[in-house]
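Visitor: Just dropping this structure here.
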Amino acid sequence: MSARLTLLRPDDWHIHLRDGAALPHTVADAARQFARAIIMPNLVPPVRNADEAEAYRQRILAARPAGSRFEPLMVLYLTDSTTPDDIRRAKASGFVHAAKLYPAGATTNSASGVTAIDNIFGVLETMAEVGLPLLVHGEVTRSEIDIFDREKYFIDEQLSRVTARFPTLKVVFEHITTRDAVQFVQAAGANVGATITAHHLLYNRNHMLVGGIRPHLFCLPVLKRNLHQEALLDAATSGSPKFFLGTDSAPHAQHAKEAACGCAGCYTAFAAIELYAEAFEQRQALDKLEPFASHFGPDFYGLPRNTDEITLVRTEWDVPASLPFGEQVVVPLRAGERLHWRLESNA
């Protein structure tokens, strides 16, 4: 087994950077390894139009480390009040690359999300016309639906309707977690892709629940049983261009995770590519990591692939117990444990 792995610099097609005092920390972690990232818009208040996207973009650019060329790719947050004109202006901006569907109540800061998919059909039609991709948090939120089944219900009740009605609309089914989602994406047209997180490749619900609740593995969509984890690993290492890297790195302060009602989200951006390398190595598929991390995402979005490279070295290192997060700290995934790959510091 080689002790070094060189690949085109990857991009992250789904990340949460948060805002304010946290930005210098989250942006630095992302910029260390990624050239570009799709920036989630679920701030308070959310990023609803091109003007708000530009303001957030400028805050991110100001937080970049000295000399960094990290490029934030901005996203609009769809609401029941989003208009076709909002979409046209976003597309014309050149810096908004997608719009995000959060079903109301599905995840962090989603209260302003879409209450019924039919409410935005006019907006989706405009998105298809102008070529602005739709990003989807794929879960229903009805209280009678078991949390482990919400992704499948979303496919059957909503996503299948969207892809049938708008066959030219580019759709990214984000952070998929089930075999059902893998099969849906595989069967769909070339306009439908999916991101897969490192934590859903490395863990299943037993890791979160057996022997005690591990709050730093709690995320939404929640970890599923191991048969779904295996389906995700098969998809990520298959070489299919429909599946690409999206960390869904979602930091929360330590006190907000380690609480009676803890927040959902795993912080992985500090070592994202190392975590993916570990998952791919477990499948003896390190040769498939570069296409998944560096080729298929930009290809789907119609953007050029990066030209510079990064190098991973196979060496063990200890993950810190916590990392700075504004005036708070965040507990990263695998805190206090060891990782087996490390990005060269001069990459």
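Just so you know, glycine gets a Cβ as well, placed from its N, Cα and C.
So Swiss-Prot has the following annotated:
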type: BINDING; residues: His14, His16, Lys100, Asp248; note: Zn(2+) 1 binding site
type: BINDING; residues: His16, Leu17, Arg18, Asn42, His137, Leu220, His252, Ala264; note: substrate binding site
type: BINDING; residues: Lys100, His137, His175; note: Zn(2+) 2 binding site
type: MOD_RES; residues: Lys100; note: N6-carboxylysine
type: ACT_SITE; residues: Asp248; note: active site
Visitor: Among the binding-site residues listed here (His14, His16, Arg18, Lys100, His137), identify the one with the smallest other-Cβ count within 10 Å.
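Guide: Comparing Cβ neighbours within 10 Å for the binding-site residues His14, His16, Arg18, Lys100, His137, Arg18 has the fewest.
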Visitor: Roughly how many Å separate the Cα of Lys100 (Zn(2+) 1 binding site) from that of Ala264 (substrate binding site), to the nearest whole number?
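Guide: Cα to Cα, Lys100 (Zn(2+) 1 binding site) and Ala264 (substrate binding site) are separated by 18 Å.
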Visitor: Based on Cα coordinates, which of the following binding-site residues are within 10 Å of Asp248 (Zn(2+) 1 binding site): Arg18, Asn42, His137, His175, Ala264?
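Guide: The binding-site residues close to Asp248 (Zn(2+) 1 binding site) (Cα within 10 Å), listed in sequence order, are His175.
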Visitor: Rounded to the nearest angstrom, how far is the Cα of His137 (substrate binding site) from the Cα of His16 (Zn(2+) 1 binding site)?
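Guide: Cα of His16 (Zn(2+) 1 binding site) to Cα of His137 (substrate binding site) measures 13 Å after rounding.
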Visitor: Just the number: how many Å between the Cα atoms of His137 (substrate binding site) and His14 (Zn(2+) 1 binding site)?
Guide: 11
Visitor: Reported as an integer number of Å, what is the Cα distance between His175 (Zn(2+) 2 binding site) and Ala264 (substrate binding site)?
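Guide: Pair distance, Cα basis, whole Å: 13 Å.
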Visitor: List the other residues in this chain whose Cβ sits within 8 Å of the Cβ centroid of the Zn(2+) 1 site residues His14, His16, Lys100, Asp248, in sequence order.
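Guide: Leaving out the recorded residues gives Ile15, Ile38, Met40, Asn42, Leu135, Glu174, His175, Gly246, Ala250.
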Visitor: Could you measure between Leu220 (substrate binding site) and His14 (Zn(2+) 1 binding site) for me? Cα positions, answer in whole angstrom.
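Guide: Rounded to a whole number, the Cα-Cα distance is 13 Å.
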